[in-house]
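Feature annotations, reproduced from TrEMBL:
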- Cys148, Cys151, Cys161, Cys164: Zn(2+) binding site (BINDING)
- Lys336: ATP binding site (BINDING)
- 591-692: domain 'TRNA-binding' (DOMAIN)
- 17-27: motif ''HIGH' region' (MOTIF)
- 333-337: motif ''KMSKS' region' (MOTIF)
Amino acid sequence: MSDQTSSKAVLVTSALPYANGPIHLGHLVEYIQTDIWVRFQRMNGREAYYFCADDTHGTAVMLAAKKRGFTPEELVGEVQKEHYRDLTAFGVRFDNYYTTNSPENKELASAIYLSAKEKGHIARRDVRQLYCENDKMFLPDRFVKGICPKCGAADQYGDSCEVCGSAYRPEDLKEPRCAVCGTAPVSKEEAHLFFKLGDFQEYLQSWMQGRVDEGVRRKMQEWMEQGLRDWDISRDGPYFGFEIPGEKNKYFYVWLDAPVGYMASALNYFRSTGRPELFDRFWKSEETEVYHFIGKDIVYFHTLFWPAMLKAGGFRPPTAVFVHGFLTINGEKMSKSRGTLIRAETYLKHLDPQALRYFYASRLGPNLDDLDLSGVDFLAKYNSAVVGNFANLFSRLCTKIADTLDRRLSAAPSAEGRELCKKLLERKDEIIAAYADRNTNKALRIIESLGDEVNRFVAAREPWKLVKSDVEGTRQVITDALNAGWILSYYLRPVLPVFADGVAELLALPAEWTGFFEDLNHNDPLYLPANHEIRQYRHLASRIADTELQAMLDAEKQAAGEVMTEKKASAEKAEKPAGQVEESGLISIDDLGKVELRTARIAEASLVEGADKLLRIGLDVGEERLRNVFAGIRVAYKPEELVGLTVVCVANLAPRKMKFGVSEAMLLATGEGESLTLFVPHRQAKPGDRLR
């Protein structure tokens, strides 16, 4: 999807953080990933712009502002400053960080709507809408909760499911309740405006080819086969947002003007820098490229609604939409109550932001797999790779030994030094390809191996011993190794810009070389200047102790505990609203005992005609006959790979009648798409053995 050989200018965005809460480590996965990619594009000689903004509209912001005694405008202004402060502290460098509550956004959202209306893509009809009689308000999207109508997940909002990613209407929820007071809502009729998404099915079918990863494309295809429904784009007042042109007391739904915020941020930047013509160059011309980085929870909006809106408004579609997975902490979903929903502000008070950038980059690839932040893995990766490998190389060369040499290098690398640099440069194309493909995991594995190579070069020559007998020989070793280290620092620059700046300062070189990779494509190795003098060594990275990590976790748990105590005290003062649902998410040991998990052997496996996701499994659960199971694992497994495999199943699940037959058990798996993995017992187990 991203052509590393392209010289077209690129405009890149990250999803807009919502203005009702702080930035946390889950948000930072995306912003760090995007920032790395944009920095790489600039180092590869491309003109690149990175735009973002705060997503500011909606009822949630109105109520949050009221609770804090602010106007909505005051609240979103303060939150935007906090978001920008936290994001930039992690080295995320925007060309413009704006707000959706802006004149440019109103101008563009209105223009897109009016264009769609003129072309016949807007419909008006009366709809029944949920209404809370206790709070005297209609319940849009995030103000109603219930059970997902698609997958059955509990406690989901009224616009989309965080578990299966489906989008739907609040009225579709099962067992709905007001998210504010917990009461069951009533249904009232009101006129609404709809964007006719179905008008664009053929266009979207064509657009998605080569624009999204294969796993996302298959999900889009599934949605299209179900039929694209008209999208409700209006909300009734009171509402914080933009009034719809020509309508009374009707406002754009936040998801209409939110993605337009990408365009508004760009328009504001290009106008303020005296280059307004660049807006049309990016949003109305295919001579440039536009890329969106998003999480997998908002795929529906960005791959269906957004390209269709742009088409209706007379703008070009995205070149590609890059989708990443969620962040988990020690294998579990982030949780405020457990203190694992770690705020950026808390992290910054205790740990180096470089460490998080490196850890995320070492785990990210071009797929939808979730990223797990384990404290043990986090410390091991940063301390061994960044401190023990890269920083250690420079500290060994540039402290006492360099002082003995008056901090001056040789005239040029030796034959051995040139050979070492050649080894590093031979991997350049692999590193470039990995960065271009967002496969930072692969890029860093290569760079770490090269760092090991340079450290072995130094260790074999022992300059700390050699300096006692051969000063000039030592000078040559230092020169050779620092030339290689300089190349390493530029390979690392997209991920560790502060570290790379520190190396540039140490080596008395320019702090950034925008076209570094491009220059390497056209020149011989760019060696350090002859007889170059380097500066005094300063620490490039410091080891993180487990006590420092624990102090951060303890601080977040304490903050979470104070919030929970405050909420509990508030709840005890108030009468529990009728119909309120307990939300602890905990089950008793008796509940767990009802689930019968057993090992089973796959005796048969075959394709299911007419179902591109399913395989039919003949499952041996230690009974007289095989159980028939339909499993949605076709994307990850071929039938012949499964026969003979021992797996884990839910054996006492009620049989489910499906289009293709009856399914009599459920296989346990983790992940999704091509990364989906069946649970396989670690030790030998017989069919029918119960898990205890």
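Residue numbering: from 1, along the chain as shown.
Note: Cβ is positioned from N, Cα and C throughout, glycine not excepted.
Feature annotations (TrEMBL) mapped to structure.
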residue : record              : Cβ neighbours (10 Å)
Cys148  : Zn(2+) binding site : 22
Cys151  : Zn(2+) binding site : 12
Cys161  : Zn(2+) binding site : 21
Cys164  : Zn(2+) binding site : 15
Lys336  : ATP binding site    : 17
Other same-chain residues whose Cβ falls within 8 Å of the Cβ centroid of Cys148, Cys151, Cys161, Cys164, the recorded Zn(2+) site, in sequence order: Pro149, Lys150, Gly152, Ala153, Gln156, Glu162, Val163, Gly165, Ser166
Reported mean pLDDT - the motif ''HIGH' region' (17-27): 96
Spatial separation of Lys336 (ATP binding site) from Cys148 (Zn(2+) binding site) - C-alpha basis, Å: 23
Rounded distance in angstrom between the Cα atoms of Cys151 (Zn(2+) binding site) and the residue listed as 'ATP binding site': 25
